[in-house]
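Asker: Take this structure first; my questions come after.
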Amino acid sequence: MDWYLKVLKNYVGFRGRARRKEYWMFILVNIIFTFVLGLLDKMLGWQRAGGEGILTTIYGILVFLPWWAVQFRRLHDTDRSAWWALLFLIPFIGWLIIIVFNCQAGTPGENRFGPDPKLEP
């Protein structure tokens with residue numbers, strides 16, 4: 001949960017680097033929250049037919065900016081520009097490439113986007 005909160009606190013931090021653990025823990029908690037909120041939407045009758053419910057929509061809006069920020073920092077950790085995020089516009093293949101990038105280890109030591117986040121206290 002600490003990793004999730006770290007991302008939320010740095011919700012406009014598009015500079016710097018994000019470790020794999022920071023990124024994937026944020027994604028995992030998002031999946032869990034979205035699932036739970038989806039169940040609540042369904043139980044409360046707040047889910048539109050074939051669409052998102054009220055709670056999941058509000059949650060999605062709230063984490064939209066922090067998700068982009070951590071995605072940019074994750075790309076920076078692999079010494080890639082945030083422009084690589086444009087691959088999200090290419091269905092399936094672009095998404096797969098981004099997943100591969102997000103699974104790769106960050107560059108050891110300092111890179112052009114900042115110091116190694118593993119070495120920071």
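FYI, residue positions are counted from 1 along the chain as it appears here.
From the backbone N, Cα and C atoms, a Cβ is placed for every residue, glycine too.
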Asker: Going by the topological domains in Swiss-Prot, would Gly45 and Gly114 end up on one side of the membrane?
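Answerer: Membrane side for Gly45 and Gly114, as annotated in Swiss-Prot: identical.
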Asker: Given a Cβ distance threshold of under 8 angstroms, which distant residues of the chain, six or more beyond its ends, lie next to the transmembrane segment (81-101)?
Answerer: 14, 68, 71-72, 74-75
